[in-house]
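*Asks:* Right, I'll just put the structure down here and ask away after.
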């Protein structure tokens, strides 16, 4: 009797019984541990080779990214220039290129960097740098605002244009003459006026919380002149019309419960109509106010008080 030895079947990739490939790649003979070990070693080497190739591709991608230039942070600023020392030279816009990566976030920071590092002759007002004093008011990209509260537009593909407040006489560069503006502010008598005399100068004039709340949105004005410089009615009648800023302060004292001249204040503003009624409710003042106040509403309220005859 002749005994015939049969060959073992190929292990299945799924269950190890039947034809196929073990580990999904290489054939394995059931009952031969060495063959299975060799298949596992080959699969591990192939996986290691694939990982190495992916690492090389990542390295090449990183080199390509490093070779490409970084986005530029240099931005152009076009600043209005005019000097009384050279009256024959026409006003013009001068370009300065500033690296935003080495500068503060506000337009005032840019102007100070230009003055310190690029051109010491540039003239502009500034003081508090916190939106309190109103000194650095100017027109930035067509909008009247204070430079210390205006963030820099980080889009380096377009230039930022900085000019003086419109409809103001220019003293030099970004500095305008505010003499008439302050005279109009003074004309509304922006101080407490009393008919009842107090016993001593140190006597306090008490207010209820409700009376004090009526002053919110009025006393915060910083006299930056952005609203008046944006008002077409003020452009056309600068000598007669007091402008939004002065009228806002006038209403602040009309609304103050401690003041005893409210009726006289309203009547003085309404005389001749030009001081108060030249306002056409265009509301450019409200739109441009950097402190988010509403001078147009204050002017409208004073017109109503005058018409009703009861401030």
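Quick reminder: no glycine exception, Cβ is built from N, Cα and C everywhere.
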*Asks:* May I ask you to find which of 139, 148 Swiss-Prot records for the [2Fe-2S] cluster site already listed with 128, 133?
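*Replies:* Checking 139, 148 against Swiss-Prot: the [2Fe-2S] cluster site match is 148.
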*Asks:* Per Swiss-Prot, which one of 279, 289 shares the [4Fe-4S] cluster site with 221, 224, 227?
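*Replies:* Within the candidate list, Swiss-Prot flags 289.
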*Asks:* By the DSSP assignment reduced to helix, strand and coil, which category contains residue 148 ([2Fe-2S] cluster binding site)?
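*Replies:* Where residue 148 ([2Fe-2S] cluster binding site) sits, the three-state DSSP reduction gives helix.
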*Asks:* Please give me the CB contact count at 10 A for residue 128 ([2Fe-2S] cluster binding site), counting all chains in the structure.
*Replies:* 13
*Asks:* Within the same chain, where does the domain '4Fe-4S ferredoxin-type' (211-241) have neighbours whose Cβ lies under 8 angstroms from its own Cβ atoms, ignoring anything closer than 6 residues to its ends? I mean 6 or more beyond.
*Replies:* 131-135, 137, 139, 144-146, 165-168, 176, 178, 180-182, 185, 248-249, 251-252, 255-257, 272, 274-275, 278-280, 282, 284-291, 293-295, 298
*Asks:* Return the member of 133, 227, 236 nearest to residue 285 ([3Fe-4S] cluster binding site) in space, with distance defined Cα to Cα and candidates limited to these binding-site residues.
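*Replies:* The answer is 227.
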*Asks:* Across the domain '4Fe-4S ferredoxin-type' (211-241), what are the DSSP residue counts per state (helix, strand, coil)?
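*Replies:* Grouping H, G, I as helix and E, B as strand yields 12 helix, 0 strand, 19 coil.
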*Asks:* List, in sequence order, the residues of the same chain other than 128, 133, 148 whose Cβ lies within 8 Å of the centroid of the Cβ atoms of the recorded [2Fe-2S] cluster site.
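*Replies:* My list of surrounding residues reads 126, 127, 129, 130, 131, 132, 134, 135, 136, 146.
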*Asks:* Can you tell which of the binding-site residues 221, 227, 279 lies nearest to residue 236 (ubiquinone binding site) in space, using Cα positions?
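*Replies:* Closest recorded candidate to residue 236 (ubiquinone binding site) by Cα: 279.
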